[in-house]
Each structure stands twice: as structure tokens, then as C-alpha cells.
Amino acid sequence: MFGGAKGGHFGVPPAGCSGAVSQAAAGTKAGPAGGRPADTMWRLRCKAKGGTHVLQGLSNRTRLRELQGQIAAITGIAPGSQRILVGYPPECLDLSDRDITLGDLPIQSGDMLIVEEDQTRPKASPAFSKHGAPSYVRETLPVLTRTAVPADNSCLFTSVYYVVEGGVLNPACAPEMRRLIAQIVASDPDLYSEAILGKTNEEYCDWIRRDDTWGGAIEISILSKFYQCEICVVDTQTVRIDRFGEDAGYTKRVLLIYDGIHYDPLQRNFPDPDTPPLTIFSSNDDIVLVQALELADEARRKRQFTDVNRFTLRCMLCQKGLTGQAEARDHARETGHTNFGEV
């Protein structure tokens, strides 16, 4: 997870939302908590056949299985087929104990890891998607999946909280996140003018605090700045990724998927059940963007999206016919149903 400011990650408490969000100033950069050596983030480089990559979000407490999962996602070499060499002359790491921590291996922050495929082990059969990313059998490589959050008008806020907190589903934090956004907007009326907001600054602040309003691009851009991370939203209708905070130099990125009226968080799941899902990625991890596009393309081909400008659709849960954005919004609000298909 991200290193937190006072009161929790980036000022958001892990549960309950007892007000810690509003204590952090808008745009305040949250640094690593504490500063103990055990929590210091490592920066490792990984050199493989496809080039050199930076591995981030690791520490001396990270387990070997997590390191191998990142390497697999970047290189396409399954953990069981990896050979990792370090030092000069390069020597192979002992990968037999996947629960060992990096601090107990002969590597340190700043090292270059040379990754090769072990030719003595059975190879997974690779296939290349139309986006060009290598994919192996699903049992050996981590995959990107969506996690459903409640359709309660606050799916954007719940989804953002989920990914920045490393997989914590807590819809109760939505009101506090709404108040946070209102506080940030109210603090800078010149930046957040009527021309930007579509309503006066004061009207917007009252509007966003309501629990029946939906968040969108403005709110995502504010949260990107507050959490100091790139927020990538992949659209299932256009199979396009909108990257908020892309040019801000953030080192982390999180991902959401959007179908026209509903947001869900994305996470990377690993084959090993003991390895927790990953929701926070390095901003250098372009493999995860390719995986997100593939997920969106699959949803588009199944017509799991909502054209908000012109559509006739049917609720896939109750089969009710709907026309237009307003009817879809009302139906989702009244029933909690968000799985729509175009007719």
C-alpha cells in the first residue's frame, strides 16, 4: 500500500473514516510512515530479454513470491521457470523458498537482477494478444480482474479507496471522500471556477456532498493529486485509457474500469492463494495497462458497456428495457442493478 500520512494511508483511515481524510491539506504529498529501515522501499532493476525494467513497491520485508510475481507480469516468464542472477560475476539466487523475504537474500536496493528463462523446466505455451502482450496459461501468471463494488451512487469513491488502500472494500468512506473533494474545491475558487465545474464553486461543493450525485473526471483529477498517484480509467465502450496525473511524475498508478455509468476497481491476482492481490502498480508497469485494455476489449465484445449518448438497453438482471442515460441512472439508483447490455 501507499505510505500514509497521519491517520492512515494518505490521511484516509483504514476503516470507519472518522475524519482523518479532511486533516490532510489539498495536494499534500504523503511520505513513508515512520521511516524505520524495515519499511524502506527498495528500488530494483530487472534486466530480461525484452529490456530493462524498474521494480518498485518492494522492501526488505517483501517475500520472494511477490518479487517473482512482478517479474512474471513484466517479462512473461512464469515464476517456476525463472532464473534470477545478481552480483558480479552474476550468481543465481536460491529460489526454493518462495516465502523468504528479500532482506534474507543476498540482494539490496539498487541491485540489477538478471532474469532468464530456465530452459531445463517445462515451458508454458505463450500466445500473443492483439495488444502485443505475452500471455501464458492462466495457472502460472497473475491476471488482472475487476472487483465489484456497490452501485450506490458512490462507486467511484469506493473504487478509488479500494485501490489506494491495497484492496480494502469500505463503502462507508464515500461521504468523507466527498467532503474532502468539497474542501479542496472550496479552498481554490480561482482554479475550480464555474467554467470548470459547470456550476458555481459553492453550488458544486453542496452538490458533491450529496449522496445521490455521481463522481467523474473532475473528482478523479482531484483524488489523483491528493493521493499523489496516477489514476487510470479504462473505458469498456471505447477501449481507451484515460490517465489522470500522467504528467505529474507520480511513481505509482492505480486502475479503475468504467462501463459508462459504473466504476469498479482493478487488481492483479496471483496463482498462489497466499499472495495477496495487487492494486497499486509502478507507473513504469505498462504491462498492467495492456492487461486493462484486454479486459476492456473483452467487455466491449460482450457489449458490457453503456453508450451514454444514445442507447437502448436492457438490464441484464431484471430484463427491464431502458432508453437513454437518465433511465439507466434512475434504474441503477433505484434497484442497485448496474449490469446493462445494449439491445
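Every residue, even glycine, has its Cβ placed from backbone N, Cα and C.
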Given ranges 226-231, 286-291, 292-297, the stretch to which Swiss-Prot attaches the annotation region 'S2 site'
286-291
In Swiss-Prot, of the candidate ranges 23-29, 149-155, 163-169, the one given as region 'Cys-loop' runs 149-155
Any idea which of 208-218, 241-251, 318-328 is down as region 'Variable-loop' in Swiss-Prot?
208-218
What DSSP reports for the zinc finger (313-337) is 12 helix, 6 strand, 7 coil
Distant-in-sequence Cβ neighbours of H337 (active site), under 8 Å, six or more positions away:
A151, C315, M316, L317, C318, H331
Taking DSSP helix as H, G and I and strand as E and B, the domain 'OTU' (144-269) has 51 helix, 28 strand, 47 coil
CB contacts for H262 (active site) [other CB atoms within 10 A, all chains]:
23
If one looks at the chain holding D152 (active site), which residues at least 6 apart in sequence have a CB under 8 angstroms from its CB?
T158, P171, A174, D211, G336
